[in-house]
Amino acid sequence: MADPYQNNVYHQGGGDPYGTYGEGGDQEGYGYQGESYPQEEDAASDATEGHDDEDQMYEGEYQGIPHPDEVKAAQRAARAKARQAQAGATELEELAEQYEDIMEDCGHGRFQWSLFIVLGLALMADGVECFVVGFVLPSAEKDMCLSNGEKGMLGLIVFLGMMVGAFIWGGMADKLGRRKCLIWALTINCVFAFLSSFAQGYGFFLFFRLISGIGIGGSVPIVYSYFSEFLQMDKRGEHLSWLCMFWMVGGIYASFTAWGIIPHYGWGFSMGTEFQFHSWRVFVLVCALPAITSLVGLMFMPESPRFLLENAKHDEAWMILKNVHDTNWRAKGQPEKVFQVPTLTPTGYYYYGLGVWFPDMIKYLQQEEYESKVKVFHRERVERFHFNFSLENQIHREGEYINDKFINIQMKSVKFEDSLFEDCYFEDIESTETIFENCTIRSTVFYNTDLYEERFIDCRLENTTFLHNKKGCHLDIDEENDVLIYLVSFLGSLAVLPGNIISALFMEKIGRVKIIGLSMLISAGCTFFLFLSFSQAAIIAWQCLFCGVSVAAWNGIEVITVELYPASKRATAFGVLNALCKLAAILGTSIFASFVGVTKVVPILLSCTALVCGGLVALKLPETREKILQ
């Protein structure tokens, strides 16, 4: 049978699997040189001029330490011997072995670090996306007058989009290419994130964030598949773990920028009452910068050569591999090092649950503390009084207000119960969480206020007039609690750093399976600390501890997922698994949030059970530390 790779692969004599690619100029456009080639004595490279063999002696030879090249050659020989002994080895397995040899020749250097930064920014954009809506909600609800149901839907829609995006882009990346799909995914994310910052209505904002989430949902499954195919086996676990740190950086970036931008509500502009662009919209734009920067960087990056080989685009793959090789060795001061090409044979829930529960519990405790300081006024009678000061966190019961004026004031969390308002005048009122319940309101005028008729629950309105009601939610009171949430998210993201560093340093030494299992079991133990103390400070401390420990399992899962699946299915598998992860986020957000203020036992036990079961199952997974990337 004719070899379908005959036009792309060049064989050498003597049975040597390495030699010359395009030797003698037989094939146009290629000048890859073999391991040995004729050279005039006076045409030697300047890099070797003035040196003799003794000068080039390996320093470790005196200590009996083998040269790295000798170690590499021994490893290759062992793998080749194993291939020969394994008569049933498939063509795909042989390609994987030989591709590993090529990546070892290319080395790890400038090219991989450049790609590391570009793909890291894409992963950072995914981390930012998970925080954006949560940070803007307190301000967006004022601009859009969102109900609790609408706020809940907005929080879920991002994860829904990311779930759909992970599933779609993962499969497409295995069919169309890693680089091409990642460019399209980031482009969609950037365009619709930009549009969402200008959306004035809830419906448009919800739709744009959904499409933006679908776009960024492709980053995780593509990034890890893409980067792993430029890494040699002994570097893969460590450097994929370092790449995971960018998700943490995304959380820090989102928290820091939210803290610095959103509280400045005046940073923006308005065009009447129909178009408003406040500081939270500036924050949404700033959050798109990592994706934009990554998109620009991808324009200078090549497609994965492993994907190209899987799709019979061999010439293009060789050119990319030669460029990787030359870039790395030129940066190391060895531009004359030869690119060798072998003869290839033909081939054809737990984190998100607690993650959303911690911030919700902190908000609940803050609300409890706020309500505990409420001022209650009982049976007060106020007549002919001018209210020109703000009212906040108050309850007025069975009061009587006769011929009073409420002008140019703010009302926050104010409730009037069983009270009488007669001949009163309300003007220029801005309010939030303010209601009138079972009140009698007679001969009263509401002019230019946001006290709509639905704020009056079971009230009797007699000869009452509403004129020029305000549109939108205009109340602007500095929220200390919102700032605390930014700080909590910042600390939670920063706490991941030690776990990231430890997992990266020990991923190759301990192994993926032990990292995952131990991390999940220790995280399960951390959840029980929540029974010891339940103050705001304690929850923040336990959140930081939990995030710092559990991230090692995340990193191990990312690495082992890359290594368990072949190149033709790698991004698809990663996409499906990441989609399930986002589904867990949706379920965690819904289920765990429902227990806030009800009980802490159920969320803790659910998380602990999931972590223990996951950790024990993880210990049964096959170790992939020394596995050739299929």
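Each position is counted from 1, following the chain as shown.
Positions of Cβ are set from backbone N, Cα and C atoms, glycine also.
Note that TrEMBL annotation is computational and uncurated.
According to TrEMBL:
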COMPBIAS  1-10  compositional bias 'Polar residues'
COMPBIAS  12-32  compositional bias 'Gly residues'
DOMAIN    115-625  domain 'Major facilitator superfamily (MFS) profile'
REGION    1-53  region 'Disordered'
TRANSMEM  113-140  transmembrane segment
TRANSMEM  152-169  transmembrane segment
TRANSMEM  181-199  transmembrane segment
TRANSMEM  205-227  transmembrane segment
TRANSMEM  239-262  transmembrane segment
TRANSMEM  282-301  transmembrane segment
TRANSMEM  515-534  transmembrane segment
TRANSMEM  574-595  transmembrane segment
TRANSMEM  601-619  transmembrane segment
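Most Cβ pairs under 8 Å with the transmembrane segment (113-140) belong to 239-262, among the candidate stretches 181-199, 205-227, 239-262, 515-534, 574-595. The transmembrane segment (239-262) shares the most Cβ pairs under 8 Å with 282-301, out of the stretches 152-169, 181-199, 282-301, 574-595, 601-619. Against the transmembrane segment (181-199), the recorded stretches 282-301, 574-595, 601-619 differ in Cβ pairs under 8 Å, and the greatest number is found for 282-301. Only residues 6 or more beyond the boundaries of the transmembrane segment (152-169), in the same chain, are considered here, and those with a CB under 8 A from a CB of the stretch are 126, 129-130, 132-134, 137, 140, 146, 181-182, 185, 202, 205-206, 209-218, 220-222, 571, 574-576, 578-579, 581-583, 585-586, 589-590.
Model confidence over the domain 'Major facilitator superfamily (MFS) profile' (115-625) is summarised by a mean pLDDT of 84.
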